[in-house]
């Protein structure tokens, strides 16, 4: 059986930057998980004493706080700045961009449509920068019964599929006078999604490695599953089952943007140890 990695996969720029920052700072607390990968979060806690707190209210005697890659709300940031604590911002620059756009467009009188999951921490943070009105949607159908204003700005959660974003944009163009569209989908998302599509079309089994709470990993899995029925989403090599690979000729592997190479290599090694001819 051939084992092939996607052309683009794994750690993105923003995650690499955050991990490096956390390792250098040490002895700190992150507000929410730094990234969506439980194994890497455990490694940072064990080796660098970087612990995870659920929210700002959980801070007690910590001297250093790291803002997660997904960012935090504007209100939480203001609250954090009032505390006697050193702040290190690990928000991904691709996430900071829609925050800034929302703030500026609001000042100019635009209401904002955010294409994304309203429960995702990134989207909560982005929405908090809107001072007019924000509409968080996952489908154009959610906009059909809304009385839209004459001026709308549109941004996307960084990990969403571009074609779905364009469905929202095309709907709005037909419904309102002025639409300002900002492409806030991360470049790494484009590349990883294109790569897994290409690989899954020629594979008869696919393994996607990443946190099951990771939005970008779930998107990769959905693309793989569309093209390759026998696609599996795992967090570690412990979840692999030999029967997945029996009678298979081509195994494709990809990984989410928060998945470190050391986990991916363990997955490959275990699949190789199954010794599927």
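Glycine residues also receive a Cβ, built from the backbone N, Cα and C atoms like all the rest.
Copied from Swiss-Prot, the annotated features are:
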BINDING   12, 92, 186  [4Fe-4S] cluster binding site
BINDING   36, 70, 120, 214, 216, 258  isopentenyl diphosphate binding site
BINDING   36, 70, 120, 214, 216, 258  dimethylallyl diphosphate binding site
BINDING   36, 70, 120, 158, 214, 216, 258  (2E)-4-hydroxy-3-methylbut-2-enyl diphosphate binding site
ACT_SITE  122  active site, proton donor
Practice item. Work through the binding-site residues one by one (12, 92, 158, 186) and name whichever has its CA nearest to the CA of residue 258 (isopentenyl diphosphate binding site). Key: 12
Practice item. Give the residue from the binding-site residues 70, 120 that has the most other Cβ atoms within 10 Å of its Cβ, counting over every protein chain displayed. Key: 70
Point to revise | Spatial neighbours of residue 92 ([4Fe-4S] cluster binding site), counting only the binding-site residues 36, 70, 120, 214, 216 and Cα distances within 10 Å | key: 70
**Study point:** Length of the line joining the Cα atoms of residue 36 (isopentenyl diphosphate binding site) and residue 122 (active site, proton donor), in Å
**Key:** 12
Study note, to complete from the structure: Check: min Cα-Cα distance from residue 186 ([4Fe-4S] cluster binding site) over recorded positions 120, 122, 158, 214, 216 goes to 158
Check your understanding: What residues, ordered by sequence, lie under 8 A Cβ-to-Cβ from residue 216 (isopentenyl diphosphate binding site) and sit at least six positions away in the same chain?
Key -> 159, 189, 192, 210, 256, 257, 258
Point to revise | Additional residues around [4Fe-4S] cluster, ordered along the sequence, whose Cβ is within 8 Å of the centroid of 12, 92, 186 | key: 13, 14, 15, 69, 93, 94, 95, 158, 187, 188, 189, 257
Check your understanding: Which ones in the same chain are close to residue 214 (isopentenyl diphosphate binding site), with CB under 8 Å and 6+ residues apart in sequence?
Key -> 36, 37, 256, 257, 258
